[in-house]
Amino acid sequence: MRINPMQDFNDTIFALSSGSLPAGLGVVRISGSVALAVTRVLAGSLPEPRQAALKTIRTRNGLVIDRGLVLIFPGPASFTGEDSAEIHVHGGKAVVATLLEELAGFKGCRLAEHGEFSRRALENGKMDLVEVEGLADLIAAETEMQRRLAVEHTAGGLSKLYEDWADRLTRARALIEAELDFADEDDVPGSVSDLVWADMAELQSELSGHLAGADFGEIIRDGLKVVIAGPPNAGKSSLMNALARREVAIVTEIAGTTRDVLHIDLDIEGYAARLYDTAGLRDTEEVIEREGIKRALKTAAEADIILSLAEIGTAAQTDFPGFGGKVFRIGTKSDIHPADANNYDLCISSDTGVGLAELHQLLVNDLQTRSAAFSLALPSRLRHRMLLMESLDALTQAVSSVSAGLDIRAEFLRRAAHSLGRITGRVDVEDLLDVIFSEFCIGK
Ligand SMILES: Nc1nc2c(ncn2[C@@H]2O[C@H](COP(=O)(O)OP(=O)(O)OP(=O)(O)O)[C@@H](O)[C@H]2O)c(=O)[nH]1
Ligand SMILES: [K+]
Ligand SMILES: [Mg+2]
């Protein structure tokens, strides 16, 4: 069930797998049944498998394109599982364009689609879905923690956890079904069933413990959402600019300057964070400002942390509608007011920089507190979270429906295993693939 009928797995695919041109090198990857034959034509001869050799790369008319390294990976010992090759040429736009054009001229060869190399790796059993998604995250990773989480996912640790759980569910179901088969005989050992349900209750708590880490996994992957909120002129935009070290937001002495929600990305000790500046909160009849305040409150409700700013001497708001997370009360303009440790968690001056290091440390501490409870084998995508919730729901039904028939309870166990299987792609995921691979870049 592929959306794009162009996509044919019999084709040999190729793409520039390295970054934007011009660059020192351009790495062109080729995969499919004629990959080695095509490479032989271009390079004159093939190197030993997995050993780089310097070759002159020519068009079929004998015109020299460039000299470069050629590597071949006969299947199945390749990334995709198919016969594959890499040609490393100089990363000039014309060099790469000529090589790609030449490749397109071979029968059965075409440019790869988004994520098509990874998709073939998946279809050929070289990686499962969690690993493929981890690879996409690894390539997108900008901070150290994003990288570490992605490596954890590509390394198969999470996949193994889900497969072990699915196996446990399947074994439990098999035992229960065996018990059903012998139910008309008198000597059924009830203890088998008791053991199964005790183990399933244990699995239920493991699964919900794992799900509890999903928030933090999403924070690592998508960044900690830190929202600066407070009344007009509290100094919100000034703080944003001070942390960004550039003039991102307009600052004036006019109350109600900021209307749109602005954001910058920060790297906090390896964690990604997104800092939002918002419109000052107050009652107003002004139409544009009202819209700004509406957006400010919506952004605040979705925050992981709110920095509630107030000029020292005025009260910092501690409740925000729809927000249940941590609020830090930040007293501002400490250069013109005495610091006050009673009414604020921290006093700062964006003008002099006093307190900004402590504010940074506040965020570091918060992230470290959040991370303390978890290893990095965390679910980090909504897709994983939804399927884990589905699985936990079914398992909970199975465990708690004590008065229901064993056949019904076994069916709930089957559903729980099925949802876990969909995470790694072991079962029934054809419908998900097009969505997942559309976010990949070409050449991956
Ligand atoms: N002395 C002093 N003045 C500050 C400091 N931070 C901000 N201000 C001044 O306070 C005024 C308001 O600053 P903004 O950063 O625009 O305040 P805001 O909270 O973004 O205001 P709105 O966008 O209108 O809600 C400006 O005149 C700033 O120069 C500070 O640390 N010390
Ligand atoms: K202002
Ligand atoms: Mg502002």
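Any Cβ shown, glycine's included, is placed from N, Cα and C.
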Query: According to TrEMBL, T252, I254, T257 bind K(+); which of N233, N241 is also listed for that site?
result: N233
Task: Compute the C-alpha separation of R29 ((6S)-5-formyl-5,6,7,8-tetrahydrofolate binding site) from A255 (GTP binding site), stating it in Å without decimals.
output: 57
Message: Let me spell it out: for each of the binding-site residues (R29, K126), count the other Cβ atoms within 10 Å of that residue's Cβ, using every protein chain shown. Which one has the most?
response: R29
Binding-site residues compared (N233, S237, T257) - the one with the fewest other Cβ atoms within 10 Å: T257
- prompt: So which one is it: of the binding-site residues K236, K444, which has the fewest other Cβ atoms within 10 Å?
  reply: K444
